[in-house]
Amino acid sequence: MFYSVQRVVMKVSRSVEYSYAVFGKYLKMIAYDSRYSKFFLGVPGILLLIGGIASVFGITTEIFAVLVSILGGAFLIRAFDIDRVWSSWSKPTPMGFIRMFTMVAGGLLILSSVPAGVASIDSELIGADTGFVGKLTDQVIIGQFVAGVLPILWTGLGAIFAGTLLSNWIGGVPRQISDILRIIVLIALYPTIYQFTNIMISDVSSFTLIPPLLGGLAATLVSATILFKKYRKHKDQEMVSD
């Protein structure tokens, strides 16, 4: 009886020691491993530093939005592996340089599309005495803004997608089908969104949105079918040659 109780106590104590050892190992990884310390120590450290400076200058209310934005950005970067993707894209290889260049160029084009959209809004609509909320919800203003943003925004996205396609093609990465389909979908969506802006600006019938929508859908389906047939044919030829 006493031997069995002693054996149970020894097993429990060993499991507790093992749990503490594993916990200590994880704490050590958080403290000294750069893969984890950047997020678990770096982000809280930045937030505490900014919060301390804000407390000294008495601007804690204004700095709260900044802290929330930094924390939200850190969560998004880690959730979607943006840091790893960027590090792999920026490696000193031809594919990495192509991706980095097209990523930067596309990002600049996307950012420049916002002032282009603002500049395309009629100045009389901006100067109208409708209030800030009224201007944000005005369908003509929204339509003119989107119409001005659309060409440059689509060019930036196309540059990023084309850079990914080119780098994968040079590197021999078997992802050309998805990269090409991404560009085709981007092109197919343009007429639909452009017609949507016309509906908002000119107040035309919503049924005019159906033809470009069906045309884009048909172009996407036909392109996907052709690409997948070529991919299967290529795979079958490889299997026969092997």
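Here the Cβ of each residue, glycine as well, is placed from N, Cα and C on the backbone.
The feature transmembrane segment is assigned by TrEMBL to 39-57 (among others).
Residues or ranges marked as transmembrane segment by TrEMBL: 63-80 (among others).
The transmembrane segment annotation in TrEMBL covers 101-121 (among others).
Annotation source TrEMBL lists transmembrane segment at 141-167 (among others).
The transmembrane segment annotation in TrEMBL covers 179-197 (among others).
Residues annotated as transmembrane segment in TrEMBL: 209-228 (among others).
Relative to the transmembrane segment (141-167), the listed stretch 101-121 leads the set 39-57, 101-121, 179-197, 209-228 in CB pairs under 8 A. Remote same-chain partners of the transmembrane segment (179-197), defined as residues 6 or more beyond its termini with a Cβ less than 8 Å from a stretch Cβ, comprise 143-144, 146-147, 150, 154, 157-158, 161-162, 164-165, 168, 208-209, 212-213, 215-217, 219-220, 223-224, 227.
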